[in-house]
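Colleague: From Swiss-Prot, here are the annotated features:
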- 42, 78, 107: [4Fe-4S] cluster 1 binding site (BINDING)
- 175, 179, 182: [4Fe-4S] cluster 2 binding site (BINDING)
- 33-143: domain 'MTTase N-terminal' (DOMAIN)
- 161-398: domain 'Radical SAM core' (DOMAIN)
- 401-467: domain 'TRAM' (DOMAIN)
């Protein structure tokens with residue numbers, strides 16, 4: 001079976017410009033004016049793209065996967081790190097060269113001058129989650145077509161750019177933290193949580209449409225509701241507390257997998273673990289820890305008590321032994337010494353995290369960290385990155401090996417001529433490993449099957465389907 005290349009640097013980030021164009025076009029039945037669309041960046045940006053595309057479809061526009069026959073192209077950009085900025089500017093350049101009429105939105109759009117310096121011919125620029133402004137600009141350059149809404153019905157979940165069996169659910173915008181390496185608050189503002197009733201309504205529609213996995217995302221998921229001042233919302237006529245634990249509990253009752261991403265290590269994360277142990281939500285935490293040196297964490301303006309982190313991890317695993325922890329770290333942060341880096345390696349060895357991504361520090365325009373201490377050379381960053389990944393590869397292999405011989409639920413993502421490719425509760429789409437079931441070509445994406453794990457490496461699992469009758473006999 002063909003094994004896709006795993007990128008250990010990748011975190012919860014989705015880069016799918018081609019997929020965006022094709023997926024939106026495939027669902028399009030409108031016959032109005034044509035809009036091209038490119039979506040870059042993280043799942044939060046993907047959700048923004050879905051919302052814009054949904055409104056375009058409602059207004060009667062057709063979304064096309066070709067620049068040539070588009071009346072206008074929208075590029076939803078990312079501006080988090082320099083590589084993302086470069087990719088976004090390249091995408092804008094390509095759209096201008098191939099089409100000529102381009103509207104830019106997204107995180108990089110918050111830096112209009114930076115875009116205009118490189119691409120002065122862009123029609124309009126808006127910042128992130130500026131849905132109404134984007135549509136207003138589209139109407140200006142490509143008037144709304146006359147159309148019969150009954151001939152271009154939109155699914156109740158809106159346009160989705162993910163496979164039909166999973167979807168991202170964004171629960172808030174912005175962030176109140178001020179990590180020195182990050183400029184997201186400057187781009188997307190402070191925390192702004194959606195009303196709980198609105199979130200749960202959307203989740204219910206997703207499940208009713210056939211979604212089997214809900215991936216909860218935001219800039220700071222565990223902070224959900226902090227800005228609500230303890231106010232209660234209502235859903236289905238019942239009061240719902242607006243905090244992440246209460247929201248997760250309600251989501252867990254809907255009958256789909258619920259996976260939490262972007263969890264900041266607040267003390268109340270402890271309250272989520274019993275929900276995982278009960279099976280209400282998946283025993284999976286995406287919790288970026290960034291470093292383990294107290295000195296570096298202080299410079300990052302991140303929680304600095306590593307001993308408490310280790311105690312929390314031990315406590316969580318005692319409550320929920322199946323818990324899978326994914327994290328990301330930065331090596332080569334300004335001022336990082338060899339001693340700081342060794343502390344990070346020691347933390348990895350002690351914490352035994354399941355999935356880990358690593359980034360070499362990259363200067364982000366406007367980030368405080370750029371001038372906080374002496375910058376680390378590229379050679380040193382590269383060396384530390386490889387040493388980091390070498391240590392973690394052994395740990396990840398050990399953690400995955402515990403699943404061998406175990407029967408697990410596998411959600412099928414894809415099927416090719418060699419068999420099926422799926423994921424277990426331990427694997428988020430796009431960023432984690434996969435489960436390969438060789439020879440099972442009759443399965444279909446979206447199926448949830450039982451399989452026994454036969455083999456593992458540092459990234460992936462291999463499995464064989466379990467005969468349902470045989471499993472019933474064993475359980476009896």
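Positions of Cβ are set from backbone N, Cα and C atoms, glycine also.
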Colleague: If you count the other Cβ atoms within 10 Å of each Cβ, which of the binding-site residues 107, 175, 179, 182 comes out on top?
Modeller: 107
Colleague: Which binding-site residues are spatial neighbours of residue 175 ([4Fe-4S] cluster 2 binding site) here, meaning Cα within 10 Å, out of 42, 78, 107?
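Modeller: Final answer: none.
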Colleague: Under a three-state reading of DSSP, tell me whether residue 42 ([4Fe-4S] cluster 1 binding site) is helix, strand or coil.
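Modeller: Assignment for residue 42 ([4Fe-4S] cluster 1 binding site) reads coil.
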Colleague: Would you mind checking how many other C-beta atoms are within 10 angstroms of the C-beta on residue 78 ([4Fe-4S] cluster 1 binding site)?
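Modeller: Residue 78 ([4Fe-4S] cluster 1 binding site) is surrounded by 24 other Cβ atoms within 10 Å.
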Colleague: Around the [4Fe-4S] cluster 2 site formed by 175, 179, 182, list the extra residues of the same chain whose Cβ is within 8 Å of the site's Cβ centroid.
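Modeller: Leaving out the recorded residues gives 177, 178, 181, 183, 184, 185, 219, 220.
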Colleague: Applying the rule Cβ within 8 Å of the centroid of the Cβ atoms of 42, 78, 107, what extra residues of the same chain belong around the [4Fe-4S] cluster 1 site?
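Modeller: What remains near the Cβ centre is 40, 41, 44, 45, 77, 79, 80, 84, 106, 108, 128.
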Colleague: Could you tell me how many residues in the domain 'TRAM' (401-467) are helical, how many are strand and how many are coil under DSSP?
Modeller: 1 helix, 33 strand, 33 coil
Colleague: Helix, strand or coil at residue 107 ([4Fe-4S] cluster 1 binding site), per DSSP?
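Modeller: Where residue 107 ([4Fe-4S] cluster 1 binding site) sits, the three-state DSSP reduction gives helix.
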Colleague: Taking just the CA atoms, what is the gap between residue 107 ([4Fe-4S] cluster 1 binding site) and residue 182 ([4Fe-4S] cluster 2 binding site) in Å?
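Modeller: About 12 Å separates the two Cα atoms.
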Colleague: What is the interatomic distance between the Cα atoms of residue 182 ([4Fe-4S] cluster 2 binding site) and residue 78 ([4Fe-4S] cluster 1 binding site), given in whole Å?
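Modeller: Rounded to the nearest whole number, the Cα-Cα distance is 13 Å.
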Colleague: Taking DSSP states H, G and I as helix and E and B as strand, how many residues of the domain 'MTTase N-terminal' (33-143) are helix, strand and coil?
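Modeller: Per DSSP, the residues of the domain 'MTTase N-terminal' (33-143) fall into 55 helix, 22 strand, 34 coil.
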Colleague: For the domain 'MTTase N-terminal' (33-143), report the average pLDDT of the model, please.
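Modeller: On average, pLDDT over the domain 'MTTase N-terminal' (33-143) sits at 90.
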Colleague: Can you tell me how far the Cα of residue 179 ([4Fe-4S] cluster 2 binding site) sits from the Cα of residue 42 ([4Fe-4S] cluster 1 binding site), in Å?
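Modeller: Residue 179 ([4Fe-4S] cluster 2 binding site) and residue 42 ([4Fe-4S] cluster 1 binding site) have their Cα atoms 18 Å apart.
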